[in-house]
Structures are given as structure tokens and as C-alpha cells.
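Engineer: I am attaching a structure below and will ask some questions about it afterwards.
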Ligand SMILES: C[S@@+](CC[C@H](N)C(=O)[O-])C[C@H]1O[C@@H](n2cnc3c(N)ncnc32)[C@H](O)[C@@H]1O
């Protein structure tokens, strides 16, 4: 008769169940994300809604595995490892031993190549995996992104491609934007909840680990917004003054519109538009919850129509290929095709033209995109300057230090660490009207 320990039996059954769910989720991820182009976080949200039996630990395990799978796909799946082995190797490359359900999933497929857990530099991780896989041709850092992306990065940072790709392989912290004069309250609330944080530029705070946003809100109220550091840099480049009127053309959920209003200390006006109705509804709720009376939200297709009013400042945070967000959304690199920058360039050009029309003489136009392609950044600004002789680049201090710019700045993902962003500032000549 064998002696079975009930808690071990229970643990084994949990591991078996989690391994089964992982198998199903990774299969779905291949179909829906790679073939169907659906963002991995949207897929996971849908899955968790339909599978209420999955607890918070299951959800964390699944989420971490799916994101690691996509983060390292260029060296695993794309190099012929099967999905289960790709998951196990991805955990090691992230610097942790694969948890038992991942080990079991890989063992069932008989495919785990093993190897060391490597928390070091990207080159150390590459070398360790090279030794394990004896890959031929040898693994290269540029394989961690699609070839078109490597080529675009080479155009904006010929010497810095490897460093940018390395920054895509680590998860950036969650950044909080502290609202004016609320820094003490936010810090107290974080300390009261035992949430560790680091100080960033302009009172931005970085939280490395997970935390419960709802609980923090209960304690700190609307004294902060969750906003990536690169996105906070856009508000700094706009630098709106109290009393001004600004148009945030592509306001989305309103992160930057609220920042503009805060920087004007509520004494000014921000028209925040987006062509998507649902997101404008969210924006209205968010502005109301933050007590921001100076933000007015409206649905508008800005490529087709501009408001009658003329503005002191126009911000165009345009739709783009999103390469700057690849550390937060590692799956995006495998579902974005190389024609996207060229396709986005068309809408970016149209939005910039409309934005320029809505500026008063002497007004400021700020163009930002969370991407690192040349096609959607310098080339779009060049197109605009060729099309309109009433606009000129205006120098501004780099928002993360490092001196004055000549009218355009890169925020690189390794600078924060944060998302990557391009920001240009132009002024409309005043003698044209
Ligand atoms: C990069 S996102 C904006 C993010 C937002 N500014 C923020 O800080 O959260 C781009 C936005 O542009 C919007 N958009 C795309 N085409 C548009 C158009 N023709 N007119 C207005 N908004 C548009 C999209 O719906 C999307 O929300």
C-alpha cells in the first residue's frame, strides 16, 4: 500500500490542471494573436471572463507565461522550438526557473531543452541559450524583433539598435503621474500600503512590482494618474500656460488631455476629441472623476473636420505602429506587419494638416507617436514642413534632461525605463494671417 500525502496529492492535481490550461491558452495565443492579430492582453481578459474558476494565482501564472512566450519568441518558437519548450525557455531567459505547471507542460511534450536560468545582460542570456540550443546560425539580438523593425531602428539609431532591443526584453515599471501639489498624499498612500516605489523626473513615481490600483485609489483618491513616463514627457513638451485653449486631437482615454489641464492648473480649456465613441465616454467619466471642469470631450473624426475655434496649442498624439510599447506588449511585435508604418503615415499626415489649420497664428503644434520608426516620425514632420511654409520647428529642452533639442526629441525605452516616444514641437508663424 502506498502512503499518499493529501496536500501533495492536491498540489499535484493543481499543477496538472494548470498545465492543461496553459496548453490550451498557448494554442489559442498562436491562433488568435499570431494568426488573428488580437492583442494578447485582450485575449487573456476574454479568457479570464469566461473561466471564472481561474483564481488570481492561475491568472498570474498564465499571464506571465504568455507574455514571456511572446517576449522570447524570436529565439524560441521562430527557431523551431515547440510551444511548450518555448514557454520553459522563456521563463529561464526572464531569469526564473519555470514553475511546475510550465515544467509539466514541457515534459508532457518531451521537448524541454533545459539550460540555465539567466538573469544577466541580454548578451549573457543569448550566450547561455546559444550553448543550450547549439543554434545554427548562431542566435542574434536582432532576431528578437521582426526584420522590418530592425531596419527601421537602424535608421533612427544606427549605433543603438541592440540597446533598444535589449530594453524591449524587460518589463518597465508602472509610472504614476502625481497631480500638482498632491505629492505628499500619494507618497503617504503608497507607504501605508507597503508599495515600494522610486522617484523619477518631474515627481513621476515608478512602481516595479504588482499592486492593487483600486486599493491605492481608495487611500489616495484622484491625486495621481497611471501614465507612462514617456507619455508624461509629451505634456512637458506641450508646456501649456494657464488661460490657454488646447485641442488634444487624438485624446484616446485622455491621459494627455488631463495632463494638459493639470499643467494649466484648471485655468484654461482643453478640447479632447477622438473618433471612437466608447473611448470618449470613458474620457468624460475620467475627467469628471478627477474634478476637471476645463476638459471638454467630443467625438470627432479630425481627418475629416476641424472645430471652428482656433487654438493656442494643438496636440496630435497620432495612431501609429506602436513599436515604442513593445516592452509592455511583447506580442505586438509579432502581429504588426512591416507595411504598418507606411499605412499609418497617411493618417498622421492628414491629422497634422488638420491640426495646423486649427492653430491661431503663433500657436504651438505638438506631434507625438509611441513608435520608433523613421517613417512615422522624422519623415512625417519633414512632409509637413514641405507642405506648409507657415510652420517651423521650435527648440525645447529634452524632457528627461540632456540639453536642448532642435525641435524634436526621442524618449528611448531604456531612458525611463518606459515606452519609446517621438515628440516634435512646431510653431505657426504669426505673420501669415
Ligand atoms: C495613440 S492613441 C491616443 C492615446 C491618447 N492620447 C492617450 O494619451 O491615451 C491614438 C488615438 O487616435 C484616435 N484616432 C485615430 N484616427 C482618428 C481621427 N481621424 N480623428 C480622431 N481621432 C482619431 C484613435 O481612436 C486613438 O484613440
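Here the Cβ of each residue, glycine as well, is placed from N, Cα and C on the backbone.
As the structure is a computational prediction, the values presented were derived from the model and not from experiment.
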Engineer: If TrEMBL says 274, 317 bind S-adenosyl-L-methionine, which of 239, 301, 337 does it name for the same site?
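Structural biologist: Among the candidates, TrEMBL records only 301 at this S-adenosyl-L-methionine site.
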Engineer: Reported as an integer number of Å, what is the Cα distance between residue 274 (S-adenosyl-L-methionine binding site) and residue 370 (active site, nucleophile)?
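Structural biologist: So the alpha carbons of residue 274 (S-adenosyl-L-methionine binding site) and residue 370 (active site, nucleophile) sit roughly 17 Å from each other.
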Engineer: What other residues of the same chain, not counting 274, 301, 317, have a CB atom within 8 A of the CB centroid of the S-adenosyl-L-methionine site?
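Structural biologist: Other same-chain residues near the S-adenosyl-L-methionine site: 249, 250, 251, 252, 273, 275, 276, 300, 302, 319, 351.
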Engineer: Let me know how many other Cβ atoms fall within 10 Å of the Cβ of residue 301 (S-adenosyl-L-methionine binding site).
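Structural biologist: 11, counting other Cβ atoms within 10 Å of residue 301 (S-adenosyl-L-methionine binding site).
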Engineer: Quick check for the class: what is the C-alpha distance, in angstrom and rounded, between residue 370 (active site, nucleophile) and residue 317 (S-adenosyl-L-methionine binding site)?
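Structural biologist: Per the Cα atoms, residue 370 (active site, nucleophile) and residue 317 (S-adenosyl-L-methionine binding site) stand 8 Å apart.
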